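Quick look at what TrEMBL lists:
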- Glu120, Asp231: divalent metal cation 1 binding site (BINDING)
- His157, His183: divalent metal cation 2 binding site (BINDING)
Amino acid sequence: MKRLLATNISKIMKFIDIGANLTDPMYQGIYNGSAKHEPDLPHVLERSWTGGLDKIIITVGTLADCAPTFEIVKNDERLFATVGCHPTRCGEFVPDPEGYFASLCQQIEQHREKVVAIGECGLDYDRLQFCDKAIQQQYFEKQLELAAKYDLPLFLHCRNAHDDFAAILQRNRDKLPRRGVVHTFDGSLEVAEALIADGYAIGINGCSLKTEENLSVAAKIPDESIMLETDSPWCEIRPSHAGSKYVRSKYPTVKKKEKWEAGSLIAGRCEPVMISQVLEVLAGIKGKPVAELAEQYYKNTTEMFFPAKHSD
């Protein structure tokens, strides 16, 4: 069996992954509709805890994600969730807007101790084939009512839509005292600075660190405004990415069909344990110790999503 390589980072640092899609079929061994290996989410989680993860927030992108998500988190005090509707899925509101909204409310109320954010919500103009601009805008703004109603921060998505995204947040700013985080950030420094000025944090994962331009932007984002994530099973740091030259922790992988056995990491499938690599890239581009940054990013995340625990 392939063995996870231990790193000094995981032994001394604590991490919180603010965005992991653990209901994705890949963790059930299913890829593009075809079963390739046995379900292995328990192994994925065990690697996470061994690798330094203290908490994981599972991303919900549609009402249908809620049941499997809360089944995963219910018996583990380290697992939490968002509740919301991804911009590309906002068409689900249309047949019965009030009913869909009420169902989201019901999910939050039934699992109040596990829900730490509203989302994933926002705007995605790169994939308008799934949902047009007007529908996205209408139901992004509608979901802000959830954040206000339940006093929760936002877990936000923005792709090629900053002006409209910012305008919607700005006109609702008085009802959003807890703000939130813009995850998988890959925009310009100007956009990052505008979001930070309005109280939002910046989520960084492998997709935020692909190009030299990405690295230049990330290097200049204040540490007090950064949170770490993996967006598993997506957004791994690949050898072709500019950020890969700063990666120190290595995770041996196998091909999903040919060589899988219990405990294997799968080539091309990101896992929460790989959050250490995101930290290493940030430390490399900023020229700062990993321990210093890990402590700051953990603090940032705890203050936003787990304020009662932080105050203790």
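Glycine residues also receive a Cβ, built from the backbone N, Cα and C atoms like all the rest.
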Cβ neighbours of His183 (divalent metal cation 2 binding site) where a neighbour is any other Cβ within 10 Å: 30
Would you identify which of the binding-site residues Glu120, Asp231 has the most other C-beta atoms lying within 10 angstroms of its C-beta? Glu120
Other CB atoms within 10 A, centred on His157 (divalent metal cation 2 binding site): 25
As a whole number of Å, the Cα atom of His157 (divalent metal cation 2 binding site) is distant from the Cα atom of Glu120 (divalent metal cation 1 binding site) by 6
Rounding to whole Å, the Cα atoms of Glu120 (divalent metal cation 1 binding site) and His183 (divalent metal cation 2 binding site) are apart by 9
Between Asp231 (divalent metal cation 1 binding site) and His183 (divalent metal cation 2 binding site), the C-alpha gap once rounded to whole angstrom: 9
